[in-house]
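Colleague: I am attaching a structure below and will ask some questions about it afterwards.
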C-alpha cells in the first residue's frame, strides 16, 4: 500500500477560492480503520433491501447504530410512482405529439395554394410550423435522453463501476469525440448519447418534405414590377395663394418605373418550374405578339382651333413692322377645381404652336397657328401591348420570363389638324374615369400634378426680328418637341423658321403627349387611390407602392409535400427513440428517483443528491464538500503524484470520514469528488455572455443558403482592453477644452496619452493566455490597448463560445459573417470591453449623409431673389457661404492642416477639385490641391469620382483658403464572406491611425460626413469609438460630424416601442455635431436635418444649462416628449446650409443636398479659426463644445424658423422646431465667422 500524507489541518475549513501552496511535512502512513456498518454499499440489492436492519445507520463518531435514523432524508424505496421516470416519459409523449403535428402540417398543406394558406398573411408558412414542431420534438428527445443517461449512470455507480467507466459514461453525454473514440468501450449509454448528435436528421428530412412550387396555369396578368411612385407629392401648390415652399417631387426610383414601363428593363420574374407552356395571346417562343391591356392612365380630352398665318419676312415688311414678336409655341398647365360648373377636378393643358413652310412667293412662310385646350383626367385606359416570350433555353437559363413593351399611343397618328375620335388625342380607348373631388384651398393632388407637369414641360418660344432673326425660348423641357427648322437657303428673305412637316414630323401635340403620358401613367397609379384616402391619411412620403402589370405568364404557387422525405423523417424519429429506450432498463432497481433537470445532462456525473438538513451549512452541504475535496487534491499535486491511485482513494475516504458522513453518503461524495479530481489539470473556467443583440440591424437578414468553409475563412478580431483611469482622463480632456481652466489648450502628445490610458499588464497577459489555450494556431498581435487575433472562423467560434452565421444586406446584396451573441471567460470581465467583428454589422450599413444629387440644367440655373449677395434660391457656392457666414473678408491662411474622413471606397478626384476651384473658389487659392493618405489598406485612385468625397474636399478646401488639406481614404467594410483574411472595421482603424500620428502630422480640424442609426451600433463599439474621439480632442483636433438626414428618425421604433431614433457618431458627446439649414432670407431649419437625444450617452456638463433651459421653456416639444430621452446627449450643437450645393464630379456640375454639406462647410470655417490661432503662436481650439456653449455662444446666428421632421407614418407631429436659443433642430445656430474670430482671438 502506498504511503499517504497525513495532514493535520484536513478538518479545517477549505477556502476553495484561494490557491494554496503544497505543505512540506513529515509523511506518516494513514491507518485505515473501518467502522462497522450495517450493510454493504456496493450491491444494488442491498441498497433496495426492505429489512429494517438494512436501514439502520452507524454513527461515524461513536460507532453505535442509530435505529431511528431515516437514512439522512433519502427515501430509498419511494414506490413505483416516485421511481418511474416521469420526465423521460413526458419527453417521449412530447416526441409523439410533435411528430403527429408535423405529419398533420404536411398532410394539410399538400397541394394547398399559397394564397389559400390560412396563416400566410401572418406569415406562418408550413416550413415555419414544421420548424416549431421539430424544435418541440428535439426538446422532448433531449429531455428523454437526459433522464435516461442519468439513470444509466446511477445504475453503473451503484454497481461499483470503476471511475474510468463512470467518467467515460459522463463524457459520452457531452463529447462527440468521446463517443467516436470509445472503441471497445462503446455501450448503450454511448449509443443513446450519439442520438442527440443525429437528432438533426429527422428535422432536416421534415424541412425537406415541404416546398413551394410554381406551376403553369392559364395566362393572366401578374404584378411583378413594384416601385415607389413618389416620396413626397407637393401639396397646396397651384391652388392656395401665398404658399411658397421648396418641394421634392419625384423619387429616384421613379426612373426605374418608367424604364420598366417602356420596356427598357426586364419586367418578368424567374420561376424555376416554368417550362414550355409559358404563353401570352397564344404567342410562340421568340415571336412578337400583340394584345390589349387595361391599366391606369389619363384621358386627354382636347378641343382644337386653327388660324392661318404668314411668318415670312416679305409679309412682315408689307405690314411695315421693323420690330415684331410672333409666338412659335406655348405650353402651360393649370388646375381646374370642383365648382358649380364642374363636378370633378382635373388639369388643363393650354398649348399653342405654329407650323410654317416655304410659300410660292419669295419671303412668304404661310402656315397655321394651332391652339389646343386639353383636359387631363384620371381614367382607366386600354393600352396596346407587344409581347415577346423567351425561348426554352432562356427559361432554363433563368432569364426573364417575358419582355413587354407598352406602346402608350395608337399605332397610327391622326393627320395634322384633323378631328380626333372622342376627343382623346392619343387615340387610346377610355374605359372609365376615376375622378378627383378636390376644391380650391384644400390639400390638392391636382395641384401637385400641375406643379409636376409645369416643372417638366412648361415652356414657350417667340420669333423675334430686330436687326436679325432670333428665337427667344423660356423653359427648356419641351425643346426636344418644339424646335425650328430652316430651309437650305439662308438668305433672310427666303427663310422659314418653323416647319412641322419637315423630316416627316407629325403633330407636336402628339409628341408632347407621348412624353407626358409616361408621367401620367405612373402618376395615375398613385392618383387612382387618392380619392379613397382622407386628407390626414395621405402620407407625406413613402407612399404605398403601386404595381405595373408586366408579367404575362399565369402561374400558381402552392405547397407540395414529399412523402418520401416525410417517411424518412418518421423512420429516423422512431429509430432514435428506439435506441434511447435501453438506457431506461432497470430504472426500478435504483430504489430512488433521479433528481435531474431535463436538459442538465452534464450534471449527471456531479452526483445531484439531496443532502439531509443536518449536513447543510458552512461545511456540510454536498456541493461544498465536493469542491473542498477537489481543491484539496488539485492544489496539492504532490499528494496525488506521490501517493498513487490507491493512496488517493484512501485519502479521499479518510477526508470524507472526517466530514462526518455515513458510508452511503461517503460513497456518493467520493464518486463525485473523484470525478472532479480527474479534471484537476483542466479546471473549467466559467463563461459569461458578454454582449447580445436581439436581432440583426434593419437591412440585414440571415442568409441560410450561404455556404462558408469555417476552416478556410478567417476573421481578424479586434479585442480592446479596458483603459485605465478613463474617468480621470475624461475629466482631464474636458479641462483641456474648457477656456479659463489651468489645463486649457495643453494638448497631449501620443506618448502622454498612452501613459494615461494604457491597460493593465494583467489584462494583456490574461487575453494572451486565453487565446493560446483556446486557439493555439491563432496569430496574436498587441498594439497599444488592442489585441489583434487572426484565426479561422472555427477557432474564433471556440474562443467566443458562439456561432457565426452568414447575413446578407437587402439593399447592397453584400454578405458578412456575424453573431448576435458571444461569451468571454469570467476572468476577462473588467479587462476587455469590446470584441469585434461580432455583433456590429459594420460600415456597409454606415452611410454618407448625402441625401440626393441632381444634374445642373437650365432650370436649375434660374436665379431667385438674392437676399444674400452671391446666393440664389437654387444653388449654394463658396461665394454664397462667404457672404452668408461672414468670412468674405477672412485673411488667407497657410498654417495648420485640415483633415477630411473618407470611407466606403469614396474617392476624391483632384482634377474635379481643380475644376471646382477655377469656377467657385472665393479666396485666391485656385492653385490649391490636397493630399490623399491611404489608411487601413485604402487607395487613392483617379476614378471613379465619389459625390461625398468630392463634396467634402471641394467645400472644406475652398473655404479654408490656402491651408493644406488631407483626405484620409480608409478601406474596409467589415467582415465579408470568402476565403483568406478579411478587412477590419474601418472606423476604429481610422481613429487609431490618427491617434498614433505625431502632433506635427495631426489635423487641427476633421470633417466626418458618415453615420448610422445609434440603435444599430452595439454599446461596446459605440463607447469605444466615442472614447477614441475624446482622445483625439485631447490631442487638439476639432471634430465636425454631420447630424444625419432623417430628422428625428426614419424607422422610429426602439425595443418595439415608438421612439425618435438618433444617429452615431453624431450623438457622441466628444464631437461637434452639425445640423442642416436651408434658405437665406432668413435661414430656416432643414426638415430632414438630424437632431435629437442619445439613448446611449448621457447629457455632458457643457450643455447642461442650455438644454435644461430649452426643456423648461420650449412648449413646442411637449406633445412628443415621451418619444425621446431628455437626459441624453442632445444634438446638433451648431448648423449650416444643407441644400443645393454645387459640386463637380466626373468633370460636370451636380447639385447635392444633405448634412454632408454642413460638416465640411463648418470644418473649413473652424480651420480658418484654428490656423489664425496657430499663426499667432497659440494652440488650436481642439475639442470645441465647452468653448461653443460658453464664450463662443454669441458667435452664432440664432435660427428661429422651420422644423425638422421624421417618423413619417409612425409618430404624428414628430420633430423639433427651431426656436429662440439652442434647440435640437439647429443647435446654437449658424456660424458668424467675424464674431467667432473675435472670441477665438481673445481666448488664451
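All positions are counted from 1 along the displayed chain.
In case you wondered, yes, glycine gets a Cβ from its N, Cα and C as well.
Source: prediction; values computed, not measured.
So TrEMBL lists the following for this protein:
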REGION    1-72  region 'Disordered'
COMPBIAS  1-15  compositional bias 'Basic and acidic residues'
COMPBIAS  18-46  compositional bias 'Low complexity'
TRANSMEM  86-108  transmembrane segment
TRANSMEM  128-154  transmembrane segment
TRANSMEM  174-194  transmembrane segment
TRANSMEM  565-587  transmembrane segment
TRANSMEM  638-656  transmembrane segment
DOMAIN    875-1243  domain 'Peptidase S53'
ACT_SITE  948  active site, charge relay system
ACT_SITE  952  active site, charge relay system
ACT_SITE  1156  active site, charge relay system
BINDING   1198, 1199, 1221, 1223  Ca(2+) binding site
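Can you walk me through where each of these features ends up in the structure?
Modeller: Sequence-remote contacts of a segment are chain residues at least 6 beyond its ends whose Cβ falls under 8 Å from one of its Cβ atoms, and for the transmembrane segment (86-108) they are 126, 129-130, 133-134, 136-137, 139-148, 151, 206, 209-210, 561, 563, 566, 569-570, 573, 577, 584, 596, 598.
Long-range contacts of the transmembrane segment (565-587) within its own chain (CB-CB distance under 8 A, at least 6 residues past either end) are made by residues 83-85, 88, 92, 95, 99, 102-103, 106, 137, 141, 144-145, 148-149, 151-152, 155, 188-189, 191-192, 194-195, 198-199, 201-203, 205-206, 208-209.
Cβ contacts within 10 Å of residue 952 (active site, charge relay system), excluding its own Cβ and spanning all protein chains shown: 32.
Using a 10 Å radius centred on the Cβ of residue 1156 (active site, charge relay system) and all shown protein chains, the other Cβ atoms total 31.
Of all the Cβ atoms in the protein chains shown, 18 others lie within 10 Å of the Cβ of residue 1198 (Ca(2+) binding site).
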Colleague: Roughly where does the domain 'Peptidase S53' (875-1243) sit in mean pLDDT, to the nearest integer?
Modeller: 90
Colleague: Looking at the active-site residues listed here (948, 952, 1156), whose Cα lies nearest to that of residue 1198 (Ca(2+) binding site)?
Modeller: 1156
Colleague: Out of these recorded positions, 948, 1223, which one has the fewest other C-beta atoms within 10 Å of its own C-beta?
Modeller: 948
Colleague: Quick one: which residues besides 1198, 1199, 1221, 1223 have a Cβ within 8 Å of the Ca(2+) site's Cβ centroid, in sequence order?
Modeller: 1200, 1218, 1219, 1220, 1222, 1225, 1226, 1227, 1228, 1229
Colleague: What kind of secondary structure is residue 948 (active site, charge relay system) part of, going by DSSP in three states?
Modeller: helix
Colleague: Could you find out if DSSP has residue 1223 (Ca(2+) binding site) as helix, strand or coil?
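Modeller: Residue 1223 (Ca(2+) binding site) sits in a strand per DSSP.
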Colleague: Taking residue 948 (active site, charge relay system) as the reference, which of 1156, 1221, 1223 (the recorded positions) have a CA within 10 A of its CA?
Modeller: 1156
Colleague: Of the recorded positions 952, 1199, 1223, which sits closest to residue 1156 (active site, charge relay system) by Cα distance?
Modeller: 952
Colleague: Cα of residue 1199 (Ca(2+) binding site) to Cα of residue 952 (active site, charge relay system): how many Å, rounded?
Modeller: 24
Colleague: Say we define neighbours as other CB atoms within 10 Å of the CB. Which of the binding-site residues 1199, 1221 has the fewest?
Modeller: 1221
